[in-house]
Amino acid sequence: MESVSHLVSNGQSVLLVWSQGGQLDTLANFTSSLRERVGTNGTVAVENINRLSQSSYGSSTFDVALSNVVSSYCCKHTSEQLAQILKMLKPDCKCLLRDTSPSDQIRSELILAGFTNISIVAEDNATVKVNARKPNFEIGSSAALPFANKISLGGNSKMETAKMWTLSSQDFVDDDIDIIDENTLIEEDDFLKPDPSSLRSQECDSAKKKRKACKNCSCGLAEEIESEKKTNGNPVSSCGSCYLGDAFRCSSCPYLGMPAFKPGEKVALPSRLLQADV
């Protein structure tokens, strides 16, 4: 009891956490000593460390939390158990615990759980005794920042802000306001249709490589190439002289006996030439 007498006083609510392996007689005697210390106005709640998450105590219930301080048996606290103890403590209240983790590790675990003012009270080869404190605010609470205060404008700030962004109808007849004429934003040259050759990329006019329209061509090269394909799509014979007449035709030319025609002219063969010889 001497080791915790400076933490417990009359009228306080104390959370006593014990673990499996501890002697029940020692736990009962220690609990009785705590109840004598807090008096009739205080309370002592005894909870097993493995059942903290199932306890019915709410947030900010206890003034002091004592964990694993009853007997020589000690265990390692998990991050969930430390967070549960922090939740049950009132703001700016202390916690005394013993743990089997190294001092640096248990200090880090307590910091991650939300404790502050962590100090190592005693340490030996197997256990470490640590004092920690819950911050002087509730978990999840909020506070207004000093620079977030609104600056007074000498009146109603909302009305002043609305007035700042309001354009009065009287402003349109004020001679001091320079209003841009929308007709001056576009010049006469902007209405002229541009020459397609001026819109064509330099790569389109390159003579070193085959002309090929770009994807989503907008300079007119795609339409020009398409029209050239239609113009140059005339039938061409293997010898290239069928249109000159029989004197220039091969012996197997299907145009034998037909008059000469113009290059590219569509010529219909007689039906007798389309029938197979028997």
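The backbone N, Cα and C atoms fix where each Cβ goes, glycine too.
The annotation [2Fe-2S] cluster binding site is assigned in Swiss-Prot to Cys204, Cys214, Cys217, Cys219. In the three-state DSSP scheme, Cys214 ([2Fe-2S] cluster binding site) falls into the coil class.
In three-state terms derived from DSSP, Cys250 ([4Fe-4S] cluster binding site) belongs to neither a helical nor a strand segment and is classed as coil. The Cβ of Cys250 ([4Fe-4S] cluster binding site) has Cys239 as same-chain neighbours under 8 Å, each 6 or more residues away in sequence. The [4Fe-4S] cluster binding site annotation in Swiss-Prot covers Cys239, Cys242, Cys250, Cys253.
Under the heading region 'N-terminal SAM-like domain', Swiss-Prot lists 1-147, citing sequence analysis as support.
The region 'Linker' feature in Swiss-Prot is assigned to 147-191; the stated evidence is sequence analysis.
Averaged over the region 'Fe-S binding site A' (204-219), the predicted model reaches a pLDDT of 68. Residues or ranges marked as region 'Fe-S binding site A' by Swiss-Prot on the basis of sequence analysis: 204-219.
Annotation source Swiss-Prot lists region 'Fe-S binding site B' at 239-253, citing sequence analysis.
Under the heading motif 'Cx2C motif 1', Swiss-Prot lists 239-242.
According to Swiss-Prot, the feature motif 'Cx2C motif 2' maps to 250-253, an assignment based on sequence analysis.
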Spatial separation of Cys253 ([4Fe-4S] cluster binding site) from Cys219 ([2Fe-2S] cluster binding site) - C-alpha basis, Å
44
Below 8 angstroms Cβ to Cβ, which residues of this chain, lying six or more residues outside the motif 'Cx2C motif 1' (239-242), approach it?
248-250, 253, 255
For a quick check of packing: other C-beta atoms within 10 Å of the C-beta of Cys242 ([4Fe-4S] cluster binding site), how many?
23
Please list, for the motif 'Cx2C motif 1' (239-242), how many residues fall into helix, strand and coil according to DSSP.
1 helix, 0 strand, 3 coil
Write down the Cα-Cα distance for Cys253 ([4Fe-4S] cluster binding site) and Cys214 ([2Fe-2S] cluster binding site), rounded and given in Å.
42
Cα-to-Cα gap, Cys242 ([4Fe-4S] cluster binding site) vs Cys217 ([2Fe-2S] cluster binding site), nearest whole Å
39
